Amino acid sequence: MQGPTTPDDILDSYESDFEPDAEYDDEAPSYMVVVGPEPAAIWDTRPQQPVSSDNASAALALRIVFASDCGGVLIGKGGCHINMLKQTTSASWHITTGDVSDDRIVTVSGTPTSIAEAVGKLAEHIVDQTSPGSKTRDLLSCPSAPYNALTLNLLFPVKTIGHLLGPSGARISHLRSDRSIQRLHITKEPIPFTQERIVQVTGTAPGLQTAALAILQATEETLAQLQGAATLYRPVRNGLRSFLRMESKELREMGRKRSRSTADATDHRDRHGRDEAGKRPRRMSDHSDTRSASPKSRSRS
């Protein structure tokens, strides 16, 4: 049987074992209810941070979206946290500003290696600055992962997803086999009104660093160009949570449909006594008498 041939086919083949971590019950984000003549106010067709066309490596940028409640641990009083990250890593950092209730996008720029190291440092910082059970940690944690594991939401243009997956999903399968990465999930749809999907990675700091490096190395040839051409997500109120809530509901519905389809197929085979090829299963009683009795023995009787 022919396997998945397109990125969406490959993603669909992975969704059956995905279980959303939590329900998101916050109110709808502003992009869900925008009216008026300027819907482009929630669009961003430019990179969040200027990039240089002279050096492809310097132009590479990783965008990570956080809920507004994480703003304190990212920025700190007087900018102490973000300044510490800038001083202790070789990458460049930029955090979006706006209303206190808007999502935050952290843009980390540099080479694949420097960005990945910065992601690991960011994860260590968040774990050090938050305690298990706190609101910020709950927003970034996964129930089935270790206490020091975090979930980061990376933003990638839709057209880079095929590079991330690799041939027949080989690259993402390899990443999922890494024990330091507890979970890796690509949202089925882009964020509304944008051309970006969320790549969710759950792991400890070393695992997140490993995943970031592999993903950036796979997409670095086209990432900067596509970020410059795509409609990127611009932070709005409750945008991340509401989108993930919709994604969770859709995936649960997909799981229910698959379960019903499998149950219906099993019931049909049971009632009609036929296998998947449409043939009635062979039974021992169909042939046992013929095999056990030779022509001579039958003639004697």
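Just so it is clear, glycine is given a Cβ too, placed from its N, Cα and C backbone atoms.
Features of the protein shown, as given by TrEMBL:
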COMPBIAS  9-26  compositional bias 'Acidic residues'
COMPBIAS  265-290  compositional bias 'Basic and acidic residues'
COMPBIAS  291-301  compositional bias 'Polar residues'
DOMAIN    58-127  domain 'K Homology'
DOMAIN    148-220  domain 'K Homology'
REGION    1-26  region 'Disordered'
REGION    251-301  region 'Disordered'
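Secondary structure by DSSP for the domain 'K Homology' (148-220): 34 helix, 22 strand, 17 coil.
Break the domain 'K Homology' (58-127) down by DSSP state and the numbers are 38 helix, 17 strand, 15 coil.
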